[in-house]
Amino acid sequence: MTEAMKITLSTQPADARWGEKATYSINNDGITLHLNGADDLGLIQRAARKIDGLGIKHVQLSGEGWDADRCWAFWQGYKAPKGTRKVEWPDLDDAQRQELDNRLMIIDWVRDTINAPAEELGPSQLAQRAVDLISNVAGDRVTYRITKGEDLRDQGYMGLHTVGRGSERSPVLLALDYNPTGDKEAPVYACLVGKGITFDSGGYSIKQTAFMDSMKSDMGGAATVTGALAFAITRGLNKRVKLFLCCADNLISGNAFKLGDIITYRNGKKVEVMNTDAEGRLVLADGLIDASAQKPELIIDAATLTGAAKTALGNDYHALFSFDDALAGRLLESAAQENEPFWRLPLAEFHRSQLPSNFAELNNTGSAAYPAGASTAAGFLSHFVENYKQGWLHIDCSATYRKAPVEQWSAGATGLGVRTIANLLTA
């Protein structure tokens with residue numbers, strides 16, 4: 001590999017010859033990033049994206065001013081799904097270097113897992129990768145159970161089984177227990193539930209190509225909560241947390257579920273399927289029932305659930321929904337501390353009743369009369385959370401994946417949200 005390009009930081013503006021808007025300049029010693037104090041982390045990330053665009057694949061972060069957050073901002077912009085890159089990191093104190101190394105290990109795992117093609121990453125592979133990551137950081141403090149295929153039906157996981165039965169690759173439920181207490185009877189502090197749809201064709205409510213071409217990333221919620229648990233463990237999480245990943249393909253076949261089918265869940269709820277492309281909520285319902293049964297203080301589910309959230313927020317924010325104002329405030333405070341983008345969207349009691357069905361208690365999608373799709377999706381999920389008004393957060397992961405590069409990000413997964421959830425778990 002070529003000699004490293006030195007990247008230094010300066011609080012002085014660039015020479016006037018570079019223009020008044022210049023955020024970096026080039027000299028004989030390398031490249032200098034000119035920080036202005038307004039959005040230094042964003043400036044570093046955008047500059048790193050430009051440096052990668054120049055074809056520079058080996059850099060050395062040099063000089064004063066670098067800390068773990070600034071190094072991480074550079075890497076977020078510099079990393080891309082194609083090619084190899086090498087960064088020589090600056091000298092950091094032990095705590096900051098450990099924090100940076102943990103981000104590189106875990107959040108890069110999240111990005112790489114979401115970017116993996118569906119042919120490589122099916123439901124079973126996703127579950128096993130999650131087990132491997134958590135076991136790597138937690139060792140013998142972890143136990144897990146994987147339930148798949150017809151065993152799901154036999155055990156009453158009808159949402160997950162129904163959605164996944166149309167694929168040759170069996171649907172899978174991962175139930176993982178991180179218990180650092182050593183006490184098998186220790187209370188469960190939190191449950192994390194992730195949507196793990198490893199490819200979403202839309203089923204018989206089939207997607208157009210322009211909406212299907214990124215659907216390998218529809219397991220982004222599962223990857224995010226897995227990464228969050230792993231990252232929280234590296235930050236010293238000392239409470240019992242359970243992880244439920246609901247993993248399946250949503251495909252078309254002679255055995256696939258159909259419009260008008262009715263699913264009966266273990267909590268007695270009957271759901272009429274009127275859109276097979278609203279499958280994420282059907283699989284999450286099974287995970288939320290299991291999570292509620294643990295009686296935890298906190299339930300967080302994460303899912304690339306609706307296009308409506310992306311319409312509202314683009315790919316710039318994750319959408320947050322909760323009936324618990326205090327808990328939502330804590331999550332937003334964690335997001336601010338970690339410099340990650342979350343935005344709260346409305347969720348009210350009336351959203352729970354905006355899913356009418358002529359044949360069942362619930363419809364899996366709102367009608368044209370109720371167009372607040374992200375809020376009605378959250379309302380649907382609330383029917384499967386035993387105490388939905390307290391201790392439950394729903395994250396619609398609209399910032400998980402970008403179909404095209406922008407000034408701060410390459411195309412593909414971002415890893416956003418991992419640090420925020422981990423922060424909340426360890427607060």
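Note: Cβ is positioned from N, Cα and C throughout, glycine not excepted.
The active site annotation in Swiss-Prot covers LYS207, ARG281 and is backed by sequence analysis. Taken from Swiss-Prot, the feature Mn(2+) 2 binding site applies to LYS195, ASP200, ASP218, GLU279, supported by sequence analysis. Feature annotation from Swiss-Prot assigns Mn(2+) 1 binding site to ASP200, ASP277, GLU279.
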Chain-internal residues near LYS207 (active site), provided their CB is under 8 angstroms and they sit 6+ positions away: ASP200, SER201, MET215, ASP277
Cβ-Cβ neighbours of ARG281 (active site) (radius 10 Å): 28
Chain-internal residues, separated by at least six, CB under 8 A from ASP218 (Mn(2+) 2 binding site): LYS195, ILE197, THR198, PHE199, ASP200, ASN250, GLY280, THR304
Surrounding CB atoms that lie within 10 Å of the CB of ASP277 (Mn(2+) 1 binding site), all protein chains: 19
Additional residues around Mn(2+) 1, ordered along the sequence, whose Cβ is within 8 Å of the centroid of ASP200, ASP277, GLU279: VAL163, ILE197, SER201, GLY202, GLY203, SER205, LYS207, ASP218, ASN250, THR276, ALA278, GLY280
Close in space, distant in sequence - GLU279 (Mn(2+) 2 binding site), Cβ under 8 Å, 6 or more apart: VAL163, ILE197, ASP200, GLY203, ALA248, ASN250
Per DSSP, three-state class assigned to ASP218 (Mn(2+) 2 binding site): helix
Binding-site residues (LYS195, ASP200), the one with most neighbouring Cβ atoms at 10 Å: LYS195
Other residues, Cβ within 8 Å of LYS195, ASP200, ASP218, GLU279 Cβ centroid (Mn(2+) 2 site): VAL163, ILE197, MET215, MET219, ALA248, ASN250, GLY280, VAL283, ALA303, THR304
Collapsed DSSP category at ARG281 (active site): helix
